[in-house]
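K.L.:
Before I ask anything, let me first share the structure, which is written out below as structure tokens.
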Ligand SMILES: *[C@@H]1O[C@H](CO)[C@@H](O)[C@H](O)[C@H]1NC(C)=O
Ligand SMILES: *[C@@H]1O[C@H](CO)[C@@H](O)[C@H](O)[C@H]1NC(C)=O
Ligand SMILES: *[C@@H]1O[C@H](CO)[C@@H](O)[C@H](O)[C@H]1NC(C)=O
Ligand SMILES: *[C@@H]1O[C@H](CO)[C@@H](O)[C@H](O)[C@H]1NC(C)=O
């Protein structure tokens, strides 16, 4: 160390020693490189988490997409992972399959195709991943299991990848097995074989999107499986790996992580795991479930996304702190950069990573998140301490000649709420390879040679507003609709799609149709009925009306409902006020979706292939209903639930159509 260095270090110590603890950390590429960096991403789906996003009006929808995907603007995401829809409930709703039936193929359903195209438009290098949670019933041949006929499952998944290319010019880079469920070695090898046979050698396999074990140990003992699998993908690893996973020599990814309410503690969680997934667990990619909280907040895991956009009716959205925490890494790295071996924990708490493009660029990211301000939803976080500290970095090797670094700063100040996010500070001088900085708790810094980072912004979106009290949808969407589902309807079992009856000369040419006719290979316990919810969860007094058309002759039944209180994985236990008519000429009023609690029943004269208008009015403890404008029953007495969404649905997995849906909130 020469005299000038000594003086600099001495000066740092002199200034800071009395107030604060300090330590030196080398940043060096001469000691060798670490693993190759694969990116930071978001997961749309698993399930239906982007449901409300497509229905935002411009310019807000494009603004939101820019915050997520546009390079050097907001989160600058490097990976987009999507659900391969399987017609079944997968956490916050169902996503449609590209093959509802064995002889059916349609690559324009849902919104994941659209989302992938929008992401690619902004960042042509974004890495695309597809993963199934559930499968249409025919894939399991009636069994609730996808591996009895692994060749059918493999070709079903491969058809989705081929369709992405054929219809959307999207190259899928990676495909997974079965989200958070068993894997089957035979299936994985068959999937590899089917991909190769289809000219998709470039599509790599991630396994098993669950825990490290047993996949890691099974892989070590199976050479053929090793050849088939490119990446070990784990969920919610708590930043740690296991020796067997390291022993496989495979890339290790946290292929689903975060899932935390997106306030500043959520931001702290995300900052801590983005660094420590590599420092502790050698994971080179981290993917947030979910990408964006674009589902009704009262569904399970409300607001567990990198940002929030769940009000297409108002245009309001919120760029939450995890967006800017992501930017600290993504705006100053690219997949293909390499971690240095000089990464680790700070002596007084927190961590640092360093990455290089091996062409002279260096990015260092530090985080000093305190325990209570960075707890993620899972797994439990063991206690630890962080204090304010002086950090001195000593740049060596290729980086010894760097004289200045750009500085980006975030700070969660829970005492004053003076949170600073992704602020560009004055560049820091590096003197003879050294720079020092006092780092407080709950801070993130990026020090980098990359000069073109940017904190993008748009004017504030419109203010938040409740769902409109008066709402109508005639589902009249001629031509090729932009997407297959009607705005604001959030399917919780079954799939409701725009439908055109070309031979209908009457008023019901354009309708909404429930399409799933067989119980899917499920991921959670879907209801035995189909249901799509809409509106404001706080609604209590409400009038709903809808034209309905049963297509199942003997057993058909449809309903409209209010005060619907559950969705997601709890959909089987949904309560509400349900008004059903059946093709056998009867009606029912029930207090639950399963139909166990009957409030009223009788004859309606209804049958299949006839349109009827149903109206349901609920005020206080009383409900009444009209059929084709005539009172059918009234003053059914009910006590709970007190509030909830409106809904439509069918009494089983059966075809049925809906038209002229209308809501009037009465209070
Ligand atoms: C760093 O990256 C930029 C592109 O981001 C490149 O132009 C430059 O040559 C790289 N190397 C250095 C030493 O800055
Ligand atoms: C954190 O610091 C407190 C106070 O100094 C100490 O009692 C506690 O044991 C420390 N916790 C850990 C996990 O080091
Ligand atoms: C900071 O914000 C939180 C959440 O909005 C609030 O509960 C708390 O009272 C605020 N603290 C201060 C000091 O303003
Ligand atoms: C289409 O419309 C025709 C004429 O109204 C009707 O007979 C037929 O049942 C309808 N088909 C469907 C699937 O709605």
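The backbone N, Cα and C atoms fix where each Cβ goes, glycine too.
When I checked TrEMBL for this same protein, it listed these features:
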- 180: active site, proton donor/acceptor (ACT_SITE)
- 256: active site, nucleophile (ACT_SITE)
- 37-331: domain 'Glycosyl hydrolase family 59 catalytic' (DOMAIN)
- 339-454: domain 'Glycosyl hydrolase family 59 central' (DOMAIN)
- 491-665: domain 'Glycosyl hydrolase family 59 C-terminal lectin' (DOMAIN)
- 1-22: signal peptide (SIGNAL)
K.L.:
If you count other C-beta atoms within 10 angstroms, which of the active-site residues 180, 256 is the most crowded?
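P.N.:
Highest number of other Cβ atoms within 10 Å: 256.
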K.L.:
Just to verify a number: CA distance, the residue listed as 'active site, nucleophile' to residue 180 (active site, proton donor/acceptor), in angstrom, no decimals.
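P.N.:
It is 10 Å, counting Cα to Cα.
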K.L.:
Using DSSP, what is the helix/strand/coil residue split across the domain 'Glycosyl hydrolase family 59 central' (339-454)?
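P.N.:
Looking at the domain 'Glycosyl hydrolase family 59 central' (339-454) with DSSP, the answer is 5 helix, 54 strand, 57 coil.
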K.L.:
Translate the DSSP assignment of residue 256 (active site, nucleophile) into the three-state scheme.
P.N.:
strand
